[in-house]
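Encoded as structure tokens, the structure appears first; notes follow it.
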Amino acid sequence: RENFIHLCNPHLEKMQEDILYHFALGTGTHDFPALFGDVKFVCVGGSPSRMKAFIAYIAEELGLGSAAGDYPNICAGTDRYAMYKVGPVLSVSHGMGIPSISIMLHELIKLLYHAKCSNITIIRIGTSGGIGLEPGSVVITRQSVDATFQPQFEQVILGKTVIRSTNLDEQLAKELMQCGKEINQFNTVIGNTMCTLDFYEGQGRLDGAICLYNEEEKLQYLKEAYDSGVRNIEMESSVFAAMCNLSGVKAAVVCVTLLNRLEGDQISSSHDVLVEYQQRPQKLVGYFIKKSLGKV
């Protein structure tokens, strides 16, 4: 059964051309079905270099290229985002924080719609701060929750507060968890992910330029988060889940934890250790894609 992208915007039908400004792509200048029509898996992450590394990794895993191959940036006409493609896999950077990923997702969802893509799975791969987990653990998000632990994304539109659901595809999370068990290379868990509006005060850190609470208050808050089911903290999952829900797209969030926030705030692991940690979500998602394509 073909499941196409659902666009919640009737105004787009009246437009003769749709310019995806932040991708430097447009329906008047590019043949979207020819360029992207075969895409089935979209992986998004904050860093352009990480998403380039991912496409090189998946190319080798799928036998479609080498890790040392040249993978041109489809969005080379802009410096906002980077996009790479190999076979049925699209890899896109989204920057840091809700505003940045929101802009990217609006244009990505329209790109997939214009390309007439069907049965799409979108997965965010990234890094996070863990709560009560050993560093290097991989968290598959059950629900994205806000800083009050509610499974919702709140946005002001035309001066009114709009609240949207942040549930993610339960079956997809289970499939990814099974992949983690089959790989059996690192600790993998399913848990809630807290999405915050900033890296410092919003996440209860003590090491920002401004901090008007004490360590006891911080630890109490993080323990309350843990008791509510939160296992990691990042800054993009809520709007990601909300927008994928509205567009009818299967979505998941897979993030590695770089530290246990109950034990500190600063990321002190060596560069080599952090690089290996950051490869874990791509290994898990790469295995999932190979399995989905019958290549395992």
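Using the three backbone atoms N, Cα and C, a Cβ is placed for every residue, glycine included.
Residues or ranges marked as phosphate binding site by TrEMBL: R80, R124, I125, G126, T127. What TrEMBL lists as substrate binding site is Q203, R205. According to TrEMBL, the domain 'Nucleoside phosphorylase' annotation covers 40-289.
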Mean of the pLDDT scores, which run from 0 to 100, over the domain 'Nucleoside phosphorylase' (40-289): 97
Residues R80, R124, I125, G126, T127 [recorded phosphate binders]: greatest CA to CA distance in Å: 20
Which listed residue (R80, R124, R205) has most other Cβ within 10 Å, given these are binding-site residues: R124
Residue pair G126 (phosphate binding site), Q203 (substrate binding site) - Cα distance, angstrom, rounded: 17
Surrounding CB atoms that lie within 10 Å of the CB of T127 (phosphate binding site), all protein chains: 21
Top Cα neighbour of Q203 (substrate binding site) in the set of binding-site residues R80, R124, T127: T127
Per-residue Cβ crowding (10 Å cut-off), top of binding-site residues I125, G126, Q203: I125
Cα-Cα distance linking R205 (substrate binding site) and R80 (phosphate binding site), given in Å to the nearest integer: 28
Pairwise Cα distance for I125 (phosphate binding site)/R205 (substrate binding site) [Å, integer]: 23
Between R124 (phosphate binding site) and R205 (substrate binding site), the C-alpha gap once rounded to whole angstrom: 24
Cα-to-Cα gap, R205 (substrate binding site) vs T127 (phosphate binding site), nearest whole Å: 17
